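Colleague: Feature list, courtesy of Swiss-Prot:
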DOMAIN    5-267  domain 'Pyruvate carboxyltransferase'
BINDING   Asp14, His202, His204, Asn238  Mn(2+) binding site
REGION    392-523  region 'Regulatory domain'
Amino acid sequence: MSQQVIIFDTTLRDGEQALQASLSVKEKLQIALALERMGVDVMEVGFPVSSPGDFESVQTIARQVKNSRVCALARCVEKDIDVAAESLKVAEAFRIHTFIATSPMHIATKLRSTLDEVIERAVYMVKRARNYTDDVEFSCEDAGRTPIADLARVVEAAINAGATTINIPDTVGYTLPFEFSNIISGLYERVPNIDKAVISVHTHDDLGMAVGNALAAVQAGARQVEGTLNGIGERAGNCALEEVIMAIKLRQNLMNVHTRINHQEIWRTSQTVSQICNMPIPANKAVVGSGAFAHSSGIHQDGVLKNRENYEIMTPESIGLNQVQLNLTSRSGRAAVKHRMEEMGYHENDYNLDDLYDAFLKLADKKGQVFDYDLEALAFINKQQEEPEHFRLEYFSVQSGSNAMATASVKLACGEEIKAEAANGNGPVDAVYQAINRITDYDIELVKYQLGAKGHGKNALGQVDIVVSYNGRHFHGVGLTTDIVESSARAMINVLNNIWRAGEVEKELQRKAQNKEHNQETV
């Protein structure tokens, strides 16, 4: 009988560590809801003790996600576990994930401890976590470089202490599939109480082995796989969950396991993560890359035309990537747009129909026909703009030429006030940015400017993603229109609003902290 492999997504924890700019609470929630819709069993959404912002993100997601188990990370430290529990207590169901290093190198040089002390601390912290929940995961950091006898001792002790999931990470992506398989099978041979816990694996891609190691571990008995969408993560990244999921689906006859993932949501969830995290998907990326179903060889094209299965082991439709349709114009009504969004898998709470339809009409007037990928892009921008905006672009104009310095005039709404400025620059985008900087007077540094296209040919939308540095923090902004200069301006306005909102959040957190201190003093 086929057994279930639990899918544990850590895009919002391990994956976010690779980003140049931290995600906002709203952005994290948007990804979490997409993961829930895709059907992940467990989502690790943050490290609450690390910052007030991370605590708020975990708490917000824990409150709103209903169909996936929400998990938070904690070191084997009392405060970490207590704070994680506090952030998660509003969830329908939650898990605390605690970890400590077990390899000789980490124990000696990082922890400056001994294996016996590590086991003692792991046992104590697992028991502490069990005071808050009966779902506790324990990870042996750097398990891939831990002698199997030592690893077995730690695992047995953690299970006896109450851990219900034991995670075996290849933290530095060092092992090869046959080695990793031997580690898992070795634990099954050496740990007498191993049947009392789910064995999980968490693999990294430093040698390009993350997916191979995960699948080898499943064959050896692991029943939970941890990873991220699109494989994002520190260094070379994490195990790409979409690849593991589709490998299990397509080779189920060989592996005799299954997942509960809604495969039709894979492509859209992948795109959501890519857009929000500002991490483009390589064209040759397995499963979700733009070239995954493209055939350029004449022999291959001929074979596909005769029978798709000649060269396609899966269909675009199997991951929710349907054919582009050209059925929407400026004459299409609100109901038609709503119906098309529903056909693409969107729900009413995924976007504001009034705002989306207004944006659709403006785009349709410019382009004539609106494609599915246009609607996807508009829905993404629509979601980003749901948060309150302090800055709003009212108007801009640019003059430039091959032998003339670019000049830009910009008018912004700044709260209740309208301000305008003009500036010169090294090109139209720089001129617009100089004018915006004069109005807002934020001391920011542009760290990254990235221009991409949404769609195909001359009717593609221009997407601009930027990252700026402000007060030691990085902030991300995105703009999407048919005009790349306007997209650039809107990306900068998006960044400025993100900076402003971050400041408002900090003020609110300070106010709450002061009120808490005041209440304690008066007790």
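Note: Cβ is positioned from N, Cα and C throughout, glycine not excepted.
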Colleague: When you average the Cβ positions of Asp14, His202, His204, Asn238 for the Mn(2+) site, which other residues in that chain have a Cβ within 8 Å of that mean position?
Modeller: Thr10, Pro169, Thr171, Thr203, Ala210, Glu226, Gly227, Thr228, Gly233, Glu234, Gly237, Cys239
Colleague: Check each residue in the chain of His202 (Mn(2+) binding site) that is at least six apart in sequence and keep those whose C-beta is under 8 Å from its C-beta; list them in sequence order.
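Modeller: Spatial neighbours, sequence-distant, of His202 (Mn(2+) binding site): Thr10, Ser139, Asn167, Ile168, Pro169, Asp170, Thr171, Glu226, Gly227, Asn238, Cys239.
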Colleague: Show which residues of the chain containing His204 (Mn(2+) binding site), separated from it by at least 6 in sequence, have their CB under 8 Å from its CB.
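Modeller: In sequence order, the residues whose Cβ lies under 8 Å from that of His204 (Mn(2+) binding site) (at least 6 apart) are Pro169, Asp170, Thr171, Val172, Gly173, Ala210, Gly233, Glu234, Arg235, Ala236, Gly237, Asn238, Cys239.
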Colleague: For the domain 'Pyruvate carboxyltransferase' (5-267), what is the mean per-residue pLDDT, to the nearest integer?
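Modeller: Mean pLDDT, the domain 'Pyruvate carboxyltransferase' (5-267): 97.
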Colleague: Of Asp14, Asn238, the binding-site residues given in the record, which has the fewest other CB atoms within 10 A of its CB?
Modeller: Asp14
